[in-house]
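Colleague: This structure is in structure tokens; I'll ask about it shortly.
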Amino acid sequence: MKPLLKENSLIQVKHILKAHQNVKDVVIHTPLQRNDRLSERYECNIYLKREDLQVVRSFKLRGAYHKMKQLSSEQTENGVVCASAGNHAQGVAFSCKHLGIHGKIFMPSTTPRQKVSQVELFGKGFIDIILTGDTFDDVYKSAAECCEAESRTFIHPFDDPDVMAGQGTLAVEILNDIDTEPHFLFASVGGGGLLSGVGTYLKNVSPDTKVIAVEPAGAASYFESNKAGHVVTLDKIDKFVDGAAVKKIGEETFRTLETVVDDILLVPEGKVCTSILELYNECAVVAEPAGALSVAALDLYKDQIKGKNVVCVVSGGNNDIGRMQEMKERSLIFEGLQHYFIVNFPQRAGALREFLDEVLGPNDDITRFEYTKKNNKSNGPALVGIELQNKADYGPLIERMNKKPFHYVEVNKDEDLFHLLI
């Protein structure tokens with residue numbers, strides 16, 4: 001991709017600078033930190049823009065607050081509406097309370113109680129939360145109907161020039177804080193609001209900086225739209241990287257990204273999980289899946305960034321501790337260390353012992369075993385999870401299984417079966 005190095009008509013540097021004046025006394029000027037571990041690993045200078053330390057633990061406050069700050073007195077009196085199950089809802093709720101504007105926040109009925117409570121906390125006394133529908137489309141429809149019926153203003157999570165300009169204030173801070181020339185900037189793309197603002201500012205103030213968009217491989221709405229030359233809607237997505245998993249990128253954000261993005265990278269969800277765990281264990285950074293996307297993409301650019309100055313936007317840190325086990329599981333599977341099998345065991349004494357003694361390697365560990373004895377049958381299936389110490393142990397494990405009279409199916413290699421059982 002070759003971006004057009006000029007301002008587009010939708011969002012310009014002057015809009016971002018105005019937004020910076022509007023939000024600077026409300027949002028936290030988050031730190032830009034050189035990360036020694038990552039810098040050593042990739043033989044370059046890696047800087048993390050820590051939006052996980054923002055007051056609502058994500059960049060979303062910037063765009064929501066700036067948008068609401070632009071409202072007329074009539075719009076302020078009528079109130080606002082948003083549809084979100086995550087960080088945008090928190091940003092709108094905080095802005096409602098700070099600006100004294102009443103807001104109605106529509107969230108899916110399936111939203112975890114913890115997220116609902118966080119939104120309530122940020123907007124206490126100034127918001128009503130309406131839980132409705134099972135999907136974002138249901139929620140969006142209800143929010144739109146409320147806007148029309150009550151003459152409220154809809155605060156879009158990304159496809160709005162004021163929101164995009166607000167998110168771009170993050171780039172103002174980056175260039176003010178960095179003590180050298182940034183050669184690369186990596187940031188996540190979901191709806192596209194963040195990188196539309198950040199990319200616009202960088203391409204006009206630091207035009208030699210390469211702007212790299214990063215998407216989850218299971219929700220590549222921008223990548224597919226870029227390939228098609230127009231916005232497309234994905235049939236299905238993997239919702240794991242929830243802060244960046246959208247079926248359709250914004251129309252306005254797509255137009256803007258096409259003028260500022262140098263490359264688009266797709267990162268498998270399992271790799272994202274590995275990066276989340278490494279950031280936590282090695283750097284004491286609590287990143288949500290979308291927040292870890294930028295760091296997770298570095299392996300794909302390790303040759304290009306060697307010896308360079310690289311900024312990674314850690315876009316948020318609203319991570320549910322209850323998801324950590326799933327993240328560890330996805331990471332192990334991606335790294336080739338966790339494997340699942342359906343093994344058809346002979347229903348005779350000693351069959352399991354034979355499997356343990358003659359199939360498992362000395363460093364292999366059974367992490368899951370589900371077996372129900374079948375009466376009047378000579379064999380019975382069991383779901384077996386095996387964690388390897390080294391990826392290279394997989395081949396010998398399969399060789400040993402093939403030598404024994406155990407018929408088996410590798411669950412990892414059957415996506416439908418995997419999602420059904422695991």
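In case you wondered, yes, glycine gets a Cβ from its N, Cα and C as well.
As annotated in Swiss-Prot:
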- Lys60: N6-(pyridoxal phosphate)lysine (MOD_RES)
- Asn87, Gly190, Gly191, Gly192, Gly193, Leu194, Ser315: pyridoxal 5'-phosphate binding site (BINDING)
- 339-413: domain 'ACT-like' (DOMAIN)
Colleague: To the nearest whole angstrom, what is the C-alpha distance linking Gly193 (pyridoxal 5'-phosphate binding site) and Lys60 (N6-(pyridoxal phosphate)lysine)?
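Modeller: Gly193 (pyridoxal 5'-phosphate binding site) to Lys60 (N6-(pyridoxal phosphate)lysine), Cα-Cα distance: 9 Å.
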Colleague: Round to a whole number and give the Cα-to-Cα distance in Å for the pair Asn87 (pyridoxal 5'-phosphate binding site) and Lys60 (N6-(pyridoxal phosphate)lysine).
Modeller: 6
Colleague: With a radius of 8 angstroms around the mean position of the C-beta atoms of Asn87, Gly190, Gly191, Gly192, Gly193, Leu194, Ser315, what other residues of the same chain does the pyridoxal 5'-phosphate site pick up?
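Modeller: Surrounding the site, in chain order, are Phe59, Lys60, Pro157, Phe158, Gln167, Ser188, Val189, Leu195, Gly243, Ala244, Ala290.
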Colleague: Let's see if you can do this one: DSSP helix, strand and coil counts over the domain 'ACT-like' (339-413), in that order.
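Modeller: Per DSSP, the residues of the domain 'ACT-like' (339-413) fall into 24 helix, 28 strand, 23 coil.
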Colleague: If you measure from the C-alpha of the residue listed as 'N6-(pyridoxal phosphate)lysine', which of the binding-site residues Gly190, Gly191, Gly192 fall inside 10 Å?
Modeller: none
Colleague: Within 10 Å of each Cβ, count the other Cβ atoms and name the one among the binding-site residues Gly190, Gly191, Gly193 with the highest count.
Modeller: Gly193
